[in-house]
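**Q** Swiss-Prot lists these features:
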ACT_SITE  703  active site, proton donor
BINDING   16, 17, 18, 19, 117, 524, 525, 570, 614  5-methyltetrahydropteroyltri-L-glutamate binding site
BINDING   440, 441, 442, 493, 608  L-methionine binding site
BINDING   440, 441, 442, 493, 608  L-homocysteine binding site
BINDING   650, 652, 674, 735  Zn(2+) binding site
């Protein structure tokens with residue numbers, strides 16, 4: 001019988017129960033025992049849901065209090081020295097939270113660990129920090145306790161752990177030069193014995209299968225990392241009394257395929273949604289291994305074409321029999337939990353969609369079809385009818401948008417003058433001091449703001465009342481920025497629920513859910529828009545808010561837009577046309593907004609592209625095509641302004657060395673970036689490339705509630721000035737302030753402005 005399994009399930013809860021419990025605990029409103037009870041209840045509920053859907057092997061270890069990589073670091077005892085962890089004591093929950101956030105209800109505050117994107121997704125993981133002589137030990141029992149929980153509830157647990165090579169590859173350390181540094185492989189001698197001990201612990205618990213995630217096998221790996229695989233897995237297999245399922249996802253294995261097939265594991269999972277590995281080469285080399293195929297898209301929300309999936313796997317099933325397993329392509333972490341909750345989506349659109357729970361039901365339909373179960377026929381027919389209806393729907397295509405997209409090839413992608421001439425005109429218009437200060441855009445979203453927005457959407461406030469409340473918040477934000485003496489102001493984005501959702505609600509072709517939340521990091525959840533059809537802007541989206549803010553001050557106020565690539569990347573995107581076409585439709589809509597902002601007297605316009613790098617294909621051979629259309633879309637949206645209008649962009653959690661030419665090709669007048677957690681290391685790319693335009697390196701980490709020190713920020717900017725001309729430098733936080741409290745924001749920005757003043761005096 002074909003085994004159905006799941007690589008992971010969303011941990012946040014259908015109504016974000018984990019987020020609410022986390023934040024209550026951090027605020028001191030919930031005891032740790034109460035927080036742990038919430039986590040246990042969510043695990044129990046999610047396991048039951050998966051079992052009801054027909055999952056045979058239950059993933060355990062996909063739950064995490066903040067991030068699964070951080071969770072595994074704590075299990076291994078990988079705790080940086082600044083957190084003062086006793087080398088012989090267990091790593092407790094508050095230490096884990098301090099590593100993630102810089103502080104917790106107990107323990108001394110310290111600088112949080114670096115956070116970065118999980119491959120090409122919008123999820124973030126906490127980067128493990130390794131010393132050159134790093135030791136490892138089992139320092140936390142929670143994973144083993146969860147295995148016992150699952151067994152007690154009658155499930156067959158399949159623990160899920162990061163593979164040792166993926167864990168090292170994703171780590172950093174002062175002695176190591178980037179992800180690919182083979183010097184990290186020297187730590188395997190210390191690491192592998194602990195992995196062997198972990199596997200033995202699982203065996204002692206009666207575990208039959210362990211899922212070891214090695215997603216770096218979909219990357220372009222150096223030879224040294226490829227060669228390490230056989231050595232590592234020989235050692236793991238020789239000690240393991242459980243069966244090992246090597247899981248890969250987010251793409252095909254390419255030249256790593258034969259390496260994976262040679263490993264002494266009992267099963268191999270391949271992503272058949274994003275991967276294109278030749279199964280004709282896999283089967284002859286598979287031996288007696290299990291082949292798990294990820295045939296349900298774990299990263300999007302559209303119904304699966306089950307007929308096509310069956311066509312692809314039926315012959316394989318005939319050949320492999322029970323050694324063919326079925327699963328989603330990757331963890332369902334990247335999907336909302338349950339479509340059944342959605343009571344505001346219209347029935348037509350809803351019939352096209354599938355969330356995590358529904359994806360497991362699709363998996364069960366495939367499994368039933370392979371098993372010859374006639375009971376699945378009606379489900380297959382329902383699926384078939386929904387796909388056909390979507391393809392024929394008049395809501396998908398807009399002839400006017402298609403014509404404008406065709407005409408866009410004739411539009412210029414260049415500013416009127418080069419940067420050196422533009423910046424002189426901009427300085428004359430804006431009259432900014434050296435080391436000008438600004439923020440990235442958003443200010444704290446208070447309870448009053450959220451209540452007003454909720455009441456407005458519920459009809460308890462009319463449009464005029466809501467506008468008045470938002471204008472009061474904007475005025476408050478402008479007053480504070482003037483008091484603290486910032487140079488380029490923002491309106492604070494009080495009216496925006498989310499930097500992508502806000503724009504999607506005002507553009508044609510988008511739809512929104514009520515409960516379609518996915519985890520971005522920690523307690524931060526986002527509700528991605530659904531791009532189901534052609535995109536266009538029916539009317540101005542931000543102009544009146546920006547015009548009002550500018551009327552309150554003589555200082556320049558930035559217009560704030562989210563860029564086309566980021567809107568694309570942070571949405572669930574239609575799968576019936578190339579992503580580049582959808583992105584250009586968004587770019588044309590933003591081009592109209594940029595022009596209207598300029599006409600309204602807004603002389604600084606920021607188009608955020610924090611997701612530009614995460615859109616890179618994982619294989620470098622595919623980068624050029626992506627970067628060509630991504631840069632084209634940004635320029636399509638921005639180049640129509642006059643020379644004295646200053647275009648800003650913002651990027652966060654990015655590494656720039658390998659895409660610096662594309663960043664320069666955007667030709668933004670000012671780029672602000674996240675650098676505080678990396679101690680300005682990211683600026684090396686801009687120095688080595690001789691980046692020509694202005695740069696604002698983030699001087700403090702907004703993800704931590706700790707107050708930034710003036711001297712530390714001055715020191716960071718002095719490091720920046722060693723790498724870049726000081727006349728090109730701006731001073732700003734590393735990201736928006738939406739998630740911070742007002743008292744934290746006031747203290748941090750006052751210190752930041754004082755740092756800028758000290759820099760001016762010293763220059």
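Sequential numbering from 1, following the chain as shown.
Glycine too: its Cβ is placed from the backbone N, Cα and C atoms.
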**Q** Considering Cα atoms only, can you say which of 117, 441, 525, 614 is the nearest neighbour of residue 735 (Zn(2+) binding site) among these binding-site residues?
**A** 441
**Q** Which one is closest to residue 16 (5-methyltetrahydropteroyltri-L-glutamate binding site) in space, judged by CA to CA distance, out of the binding-site residues 441, 442, 650, 652?
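**A** Spatially nearest to residue 16 (5-methyltetrahydropteroyltri-L-glutamate binding site) by Cα position is 442.
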**Q** So among the binding-site residues 608, 614, who's got the most Cβ atoms within 10 Å?
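**A** Its Cβ has the most other Cβ atoms within 10 Å: 608.
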**Q** Rounded to the nearest angstrom, how far is the Cα of residue 525 (5-methyltetrahydropteroyltri-L-glutamate binding site) from the Cα of residue 674 (Zn(2+) binding site)?
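**A** Taking the Cα atoms only, residue 674 (Zn(2+) binding site) lies 20 Å from residue 525 (5-methyltetrahydropteroyltri-L-glutamate binding site).
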**Q** Given the binding-site residues 18, 440, 525, 652, 735, which one has the fewest other C-beta atoms within 10 angstroms of its C-beta?
**A** 525
**Q** Give me the CA-CA distance between residue 117 (5-methyltetrahydropteroyltri-L-glutamate binding site) and residue 441 (L-methionine binding site), in Å, as a whole number.
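**A** Given the Cα positions, residue 117 (5-methyltetrahydropteroyltri-L-glutamate binding site) is 21 Å from residue 441 (L-methionine binding site).
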**Q** Hey, does DSSP put residue 674 (Zn(2+) binding site) in a helix, a strand, or just coil?
**A** coil
**Q** Counting every protein chain present, what is the number of Cβ atoms, excluding its own, within 10 Å of the Cβ of residue 493 (L-methionine binding site)?
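**A** Summing over all protein chains shown, residue 493 (L-methionine binding site) has 25 other Cβ atoms within 10 Å.
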**Q** Quick one: pull the CA-CA distance for residue 493 (L-methionine binding site) versus the residue listed as 'active site, proton donor', whole Å only.
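**A** With distance taken Cα to Cα, the residue listed as 'active site, proton donor' is 18 Å from residue 493 (L-methionine binding site).
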**Q** Can you give me the same-chain residues 6 or more apart in sequence from residue 442 (L-methionine binding site) with a CB-CB distance under 8 Å?
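**A** Residues satisfying the criterion: 490, 492, 493, 496, 499, 736, 737, 738.
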**Q** Restricting the comparison to the recorded positions 441, 608, 652, 703, which residue's C-alpha is spatially nearest the C-alpha of residue 525 (5-methyltetrahydropteroyltri-L-glutamate binding site)?
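**A** Smallest Cα separation from residue 525 (5-methyltetrahydropteroyltri-L-glutamate binding site) among 441, 608, 652, 703: 703.
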**Q** If you measure from the Cα of residue 18 (5-methyltetrahydropteroyltri-L-glutamate binding site), which of the binding-site residues 440, 650, 652 is the nearest?
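**A** Result: the closest of the binding-site residues to residue 18 (5-methyltetrahydropteroyltri-L-glutamate binding site) is 652.
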**Q** Near residue 441 (L-methionine binding site), which residues of its chain come within a Cβ-Cβ distance under 8 Å, counting only those 6 or more away in sequence?
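**A** Looking at Cβ-Cβ distances below 8 Å from residue 441 (L-methionine binding site), excluding near sequence neighbours, one finds 490, 493, 499, 558, 560, 606, 608, 650, 736.
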**Q** List, in sequence order, the same-chain residues at least six positions removed whose CB sits under 8 Å from that of the residue listed as 'active site, proton donor'?
**A** 101, 112, 115, 521, 735, 739
**Q** How many angstrom lie between the most widely spaced Cα atoms of the L-homocysteine binders 440, 441, 442, 493, 608?
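**A** Taking every pair among 440, 441, 442, 493, 608, the longest Cα gap is 13 Å.
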**Q** Compute the C-alpha separation of residue 614 (5-methyltetrahydropteroyltri-L-glutamate binding site) from residue 440 (L-methionine binding site), stating it in Å without decimals.
**A** 19
